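Below is one structure, written out as structure tokens; comments come after it.
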Amino acid sequence: MEQFHGTTIVSVRRGDKVALGGDGQVTLGNIVMKGGARKVRRIYNNQVLVGFAGGTADAFSLLDRFEAKLEKHQGNLTRAAVELAKDWRTDRMLRRLEAMLIAADATTTLVITGNGDVLDPEGGICAIGSGGAYAQAAARALAENTELSPREIVEKSLEIAGDMCIYTNHNRIIETIE
């Protein structure tokens, strides 16, 4: 069976504002299956932004587990992320899931991987997915050389990634916490 490919998810934190955005393309082999998938969401009473890349079903499974961890730990993003990463690494069924998450609240942004890593990005900028490197490079350049807001940086970074990555389209969803 062919693998689902790609997406681009990027997050930018500047001051007390954070933006998280992603494109909407889902690809199976060389076919675009859907152009308007929603891979960025608000969870935990709209206090946490989360974006996912990887297998769509896998990502939804992880998203449900992450939201349960947030509930269990009263919205403590770091603790919920560490607990999810522990489960992901040690549970046989979860280990097979192929996805990555970026989660952000008012004060913290984290990348959560299937290897059990919970990463706090340097400079408040991170990106995942097939177009992640393009988006992250664009976001860093824009953050260092402009006064654009996090939302504007995310939007422009996704535009650049969509121009360069065949698995990323220009149908963007961006959420912010200010």
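Cβ atoms here come from the backbone N, Cα and C positions, even for glycine.
Here is what Swiss-Prot records for this protein:
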type	residues	note
ACT_SITE	T7	active site
BINDING	G162, C165, T168	Na(+) binding site
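This view paints the features noted in Swiss-Prot onto the structure.
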residue : record             : contacts (Cβ under 8 Å, 6+ apart)
T7      : active site        : G22, D23, Q25, V26, A37, K39, F52, A53, G54, G129, S130, G131, Y167, T168
G162    : Na(+) binding site : T8, D23, G131, T168, N169, H170, R172
C165    : Na(+) binding site : G6, T8, S130, G131, Y134
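DSSP assigns T168 (Na(+) binding site) to coil in the three-state reduction, placing it in neither a helix nor a strand. Sitting within 8 Å of the Cβ centre of G162, C165, T168, and not among those site residues for Na(+), are the Cβ atoms of G6, T8, D23, Q25, S130, G131, Y134, L158, A161, D163, M164, I166, Y167, N169, H170. A simple way to gauge crowding: the CB of T168 (Na(+) binding site) has 30 other CB atoms within 10 angstroms, across all the protein chains here. DSSP assigns G162 (Na(+) binding site) to a helix in the three-state reduction.
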